[in-house]
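Feature annotation from TrEMBL assigns DNA-binding region to 19-38. Per TrEMBL, biotin binding site is recorded for SER93, THR94, ASN95, GLN117, ARG121, GLY122, ARG123, LYS188. For 64-261, the entry in TrEMBL reads domain 'BPL/LPL catalytic'.
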Amino acid sequence: MERHLQVVRLLADGERWSGEAIAGQLGISRAAVWKAVRKAAETLELEIESVRGHGYRLATPLELLDAEAIRAALTPAGRLRVAAVTVFQDIDSTNTWLAGRARAGDPGGSICLAERQHAGRGRRGRCWVSPFGGNIALSLLWRFAQAPAELGGLSLAAGVAVAKALEQVGATEVGLKWPNDLHWRRRKLAGLLLEVAGEAQGPSWAVIGVGVNLQLAPAQAQAIDQPWVDLATVLDGQAVGRNRVVATLIDALLEMLAMYAAQGLAPFVEDWRARDAYQGEPVLLVMGERQLQGRHAGIDPDGALRLDLGGEIRRFQAGEVSLRSRTG
């Protein structure tokens with residue numbers, strides 16, 4: 001592990017650490033401590049307080065990801081379904097890494113997490129902002145007997161699973177925005193990115209990437225190009241452990257995947273409709289260079305978006321369009 005990350009792990013408790021204590025723990029010089037602290041502040045965008053003669057302290061304590069703590073917090077069924085939990089301190093993209101492992105033959109139930117992503121991706125190639133310790137960046141691999149074409153509704157089922165997990169840790173008013181976003185009072189709280197591949201007639205695999213804004217400082221969120229909110233705000237100060245949230249998400253996703261493999265999207269449609277954040281509202285549908293204005297008329301049983309264009313209902317499949325309210 002790089003030295004500046006070792007320093008952050010010591011400072012994560014929010015207590016003040018003297019340069020001498022850090023140097024002793026890591027077996028390095030005081031000058032090396034100072035350089036590591038500066039690198040952590042600059043490259044990880046962490047606010048580290050430094051007072052001469054008193055040492056260093058993180059302005060906001062961090063609960064770092066812990067694979068064993070996550071496993072321990074899973075339900076018994078979840079622990080049986082999880083093949084491996086891999087935690088990176090810094091990675092380009094958890095989805096990219098896990099998709100590579102899927103192609104290499106890793107089993108379903110493999111999970112990848114990262115403290116920080118420096119090339120996280122959202123839908124349509126957008127960047128997903130994922131600062132060190134401020135988000136949950138989670139990817140989960142699952143293998144299906146079905147063909148890839150039969151997994152068209154998986155993103156909607158995954159959205160329901162993530163919404164239920166967030167509700168389980170105390171969130172309210174979580175809404176779903178077709179096809180892959182989760183909102184709270186019109187601000188983005190979480191998003192999904194799915195990658196699916198396989199043989200034309202099956203089998204297939206899917207990597208489900210989940211990004212949740214957990215606790216973001218304004219400086220960390222400057223690159224976000226849309227209204228956003230973090231879970232800390234949604235919970236209004238209620239403390240909830242980061243590893244517990246991760247375990248709750250994993251349990252919900254694994255339960256959803258087992259059900260989807262057996263029954264498809266059908267068991268999730270009504271739950272999705274109950275959380276539809278844009279039902280009945282005027283919307284703008286963007287398809288590359290083309291735009292359509294209409295009224296959101298819900299989803300079909302197969303997960304397609306229904307758009308009312310002046311009395312004519314047209315259907316659009318996930319992956320082809322993005323959806324934004326004309327009123328914001």
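Any Cβ shown, glycine's included, is placed from N, Cα and C.
Locations of recorded TrEMBL features on the structure.
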| residue | record | DSSP (3 states) |
| --- | --- | --- |
| SER93 | biotin binding site | coil |
| GLN117 | biotin binding site | strand |
| LYS188 | biotin binding site | strand |
Open item on the list: Quick check on the DNA-binding region (19-38): DSSP residue counts for helix, strand, coil, in that order please.
Closed with: 17 helix, 0 strand, 3 coil
Open item on the list: Validating a neighbour-count step here. Other CB atoms within 10 A of the CB of SER93 (biotin binding site): how many?
Closed with: 21
- [ ] Take the DNA-binding region (19-38) and average the pLDDT across it for me.
- [x] 96
Open item on the list: My understanding is the cutoff is Cβ-Cβ under 8 Å with a sequence separation of 6 or more in the same chain; which residues meet that for LYS188 (biotin binding site)?
Closed with: ASP181, LEU182, ASN213, ILE224, GLN226, PRO227, TRP228, VAL229
